[in-house]
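Take a look at the structure set out below.
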Amino acid sequence: MAVEQKTRTGSFSSPSASSGSPEDSVRLAQLTSSGEFDEKLKSPEELDIGDGNADEERAGLLPHESQDQPAPAPAPPNSHVSSLLWMAINTLATVGIVFTNKAIFSDPSLKLAQLTFASFHFFVTYLTLFIISQPKFGFFVPRRASIRDILPLSIAMSLNVILPNLSLAFSTVTFYQVARILLTPTVAAMNFVLYKATLPRDAIISLVPACAGVGMVSYFDSLPAADASIKTTSGLGVIFALLGIFASSLYTVWIASYHRKLKMSSMQLLFNQAPVSAFMLLYIIPFVDVFPVWTAVPLNRWAMIGMSGFFASLINISQFYIIAQTGPVSSTVVGHVKTCTIVALGWMASGRPIGDKSVLGVFVAVGGIIAYSAVMLREKARDAARAVQERR
């Protein structure tokens, strides 16, 4: 399959899978070659930047002006085997980074060193992009933007990473991942308020159970458990989750304008954002983070931190191949697989019984977002067929 002119943001330290994905999360903006704006919104997942926390991809979210688009990156060799391999790598890396980060944040001495952790991930992201942009690999051609131009977006990206990570630190993995489903309706609401962009009626209907399911999980998962071994979500976890959803949605909507303004692909933008975010946080870290006694941090925690950076690199690299070799259906399916896998493993790790009331909310929320993705894919197919007929 030839590479389409679409771009997604790479993953960084936010580990969520895009919930309709795409993770991944990621799951930011796509500039159409015609420069026209499709009034039917797509989810952050099916746009698949998809989360790393998302690795959740945002496309067609803003009005576009007719303009020359960045040249697409060279396509890697296309084959079903390589596509499946890279989708498997992306899925495993996304699941791995969520649970690795959760294990890191479960250490009280590291839980409040969030800015330091984010800065480390931004550095790893920049290093990864620098390597794969070299002529030997040729994933993309780097372009430079002034710090003045990129600083606002770098601040938004930092919040997009730090707040979800704080949510993960103070909540269960299941709640954290299910809450990320709210990214889709929040982006849709922002686009309606800012640009009067609308969704198909069936898509709006499918988002109702998705939101209701998240509400059910939020309520039951935050109730105190009689069994001390059962993990629950704290009030701070819920607050950070909601703030993180808002920050991620704003970043999703905002980044589309930067694609137009700077005429850069998502990888080129991230290549500029990551170092600015990393160095910017260095000036804030001494006043915000609570540092552990570094010499007292166990060796296994250092190993986990290294693994987290490694997973982030794998997500960035595999994302390139997924963009080049798969279509929207495959990307959406991968996003749902990641969401369901993380939710299921998080449920098992929480110690909750199968009959726990929050399990109903999980099924309602995930079912709603899957239905939403199906509606949007169907609408996209109809629009494509209509465009073909009009050209005839």
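Any Cβ shown, glycine's included, is placed from N, Cα and C.
For the ranges 112-133, 156-177, the feature annotated in TrEMBL as transmembrane segment maps to 112-133. As a quick check, the transmembrane segment (359-377) and the transmembrane segment (84-106) miss the bar of 3 or more Cβ pairs under 8 A, pairs 6 or more apart, so the two do not touch.
If you count C-beta pairs under 8 angstroms between the transmembrane segment (112-133) and each of 202-220, 232-255, 276-296, 302-322, 329-347, the highest count goes to 276-296. Away from its own ends, the transmembrane segment (276-296) comes close to residues 107, 109-110, 112-116, 118-119, 122-123, 126, 147, 150-151, 154-155, 157-158 of its chain (Cβ-Cβ under 8 Å, at least six residues beyond either end).
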